[in-house]
Amino acid sequence: MARKYIDILKKSKMMLFQDVGKSFEDDSPCKEEAPKTQIQHSVRDFCEQTTFHGVNMIFTTSLYWVRFLWVVVSLVCICLCMYSFSHVKDKYDRKEKIVNVELVFESAPFPAITVCNLNPFKNHLARSVPEISETLDAFHQAVVYSNDATMDELSGRGRRSLNDGPSFKYLQYEPVYSDCSCVPGRQECIAQTSAPRTLENACICNYDRHDGSAWPCYSAQTWEKSICPECNDIGFCNVPNTTGSGNIPCYCQLEMGYCVFQPESRVRRIWEFQGNKIPEKGSPLRKEYMEQLTQLGYGNMTDQVAITTQAKEKMILKMSGLHPQRRAALGYGKSELIKMCSFNGQQCNIDTEFKLHIDPSFGNCYTFNANPEKKLASSRAGPSYGLRLMMFVNSSDYLPTTEATGVRIAIHGKEECPFPDTFGYSAPTGVISSFGISLRNINRLPQPYGNCLQKDNPQSRSIYKGYKYEPEGCFRSCYQYRIIAKCGCADPRYPKPWKRSAWCDSTNTTTLNCLTTEGAKLSTKENQKHCKCIQPCQQDQYTTTYSAAKWPSGSIQTSCDNHSKDCNSYLREHAAMIEIYYEQMSYEILRESESYSWFNLMADMGGQAGLFLGASIMSVIEFLFFAVRTLGIACKPRRWRQKTELLRAEELNDAEKGVSTNNN
């Protein structure tokens, strides 16, 4: 009995352990399903609970035909949503922008004002420069011919190389051919500007380049070519067989013991550069006249506007080749040009408030308010509170190439380089010219919304050092670099990028041809693309309105120094009155902004997702949690599984020990 009782007790103990172990396996947190089963359960739970309404309806319905219907509807909505997404993305990729206009009611800072005389150099001083004198003489010859040219001659004229032209040594005196009126019984003759029938009937005169006089004159037959022992700096030579050790070609009138330096090319004809008529048709001098005109660069030109334009370009090039101090001495001084000045109702200090700016086209210009550190502003709108100037241009000393009398004005920012030839306004004499200005501050967007240069990214290749970036300065810099690369020298009209660069010789015809050719190439749209000159991101733009009235009036009391008898008429001919002022005490700020930002993109995409899928940002977060959970199940390490099994075994052992203890 006892033995039987012990067997029954052992059997009960074993059954109790199995029941406890089974209960532990059912309730233990360490029990783990297969990863595949866990993923299936995770997907099922997500689909049944998700806020993506189409997915939810597919997995919660029990009818197959309803489930199929929801699948079709969901696919159609997904396609429509993706199509809508593509349109929204295209709109964002276009990087469209809008311009916001803000009107600021306060006094705007006054701009810098650069004023110039339309005539760049004084005529009497410019003619003392041999290069300019030659250019003006050639211009005179071209204008005279244009008044008397015939189409038959023009069609038969071909352009010759400028290398065949004259090459003079620049001295004050030179021999010239002239038609003469000789007094019987005297050797000397009187020079005339008309053309003789032949050179044999002409005289040779000693021509003074400085004052344009031709004296003395002797018959050409009494002059002979010779070799002189010495010539001085102004062109006179010692007669042969006298003091000196040189062998210099010269022209001599031996009867008078008179010799002058012989030019390297042909002797000039006075009727070509001072005469008012060309040689008669059929004369041998007429053909020579036209050949000379072609060599000077005016071949096949009869339009005086075109002739004047070309003469201006030649003169600008030759003047630009002079030393800046010498060039400035040929122009107008500050006190000569600006006679009276007031700003904001107060008298200006002309000596200190105007800064010299030498422009290649207009010579000496003067800039008011050029100091960036000094801020000037008008206290009120209107002419009385702006800049008022009386300028004296002295039109009696104008160059023959200057077509109008008056002044040139450029309105620009204080940190910008003035370009009066490109962005200037002309004001005539005898008129009070009023320029009403308005400021517009422009703020552009950089990449990817626009293409502009930011302020903190200056152009290192700009030749205008110390000035703010401008597209015009960029184009001129690009042109200068191209000229240096192609012609081997720098255009004298613009600054040099490097000190080691040499200026182009304006008297060298090969160099001039290179400047003309390369300048024409750069003017094409295709070549301008290589310059990559873009607008600045921040820019002050001044708009101008112009009005004028006759000046001075008959009742005004004016002083004209030595011309007090008819002062008003004198001022109308030689002076101009200028007014530059703000039209209103406000200015505009134009600011570009994003038309369609990243926030707009997200909002529109969310709206489309909600419309077609019933989804929101919460749905996206929900899906991300599901994806992370599923990925974690699929990528669970094997070591973690082994550790879980070990923990489960330990728990079973602990449970067995617990049962044993309870039985005891």
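Glycine too: its Cβ is placed from the backbone N, Cα and C atoms.
According to Swiss-Prot, the protein has these features:
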TOPO_DOM  1-67  topological domain 'Cytoplasmic'
TRANSMEM  68-88  transmembrane segment
TOPO_DOM  89-607  topological domain 'Extracellular'
CARBOHYD  Asn241  N-linked glycosylation site
CARBOHYD  Asn300  N-linked glycosylation site
CARBOHYD  Asn394  N-linked glycosylation site
CARBOHYD  Asn508  N-linked glycosylation site
CARBOHYD  Asn562  N-linked glycosylation site
TRANSMEM  608-628  transmembrane segment
TOPO_DOM  629-664  topological domain 'Cytoplasmic'
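Everything Swiss-Prot records as a feature, shown here on the structure.
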residue	record	Cβ within 10 Å
Asn241	N-linked glycosylation site	10
Asn300	N-linked glycosylation site	13
Asn394	N-linked glycosylation site	18
Asn508	N-linked glycosylation site	13
Cα-nearest neighbour of Asn300 (N-linked glycosylation site) within the listed glycosylation sites, Asn241, Asn394, Asn508: Asn508
Inter-residue Cα distance where the pair is Asn508 (N-linked glycosylation site) and Asn394 (N-linked glycosylation site), in Å: 33
Segment-level pLDDT (mean, integer) for the topological domain 'Cytoplasmic' (629-664): 66
Nearest-integer angstrom distance between the alpha carbons (Cα) of Asn241 (N-linked glycosylation site) and Asn508 (N-linked glycosylation site): 36
Per DSSP, three-state class assigned to Asn394 (N-linked glycosylation site): coil
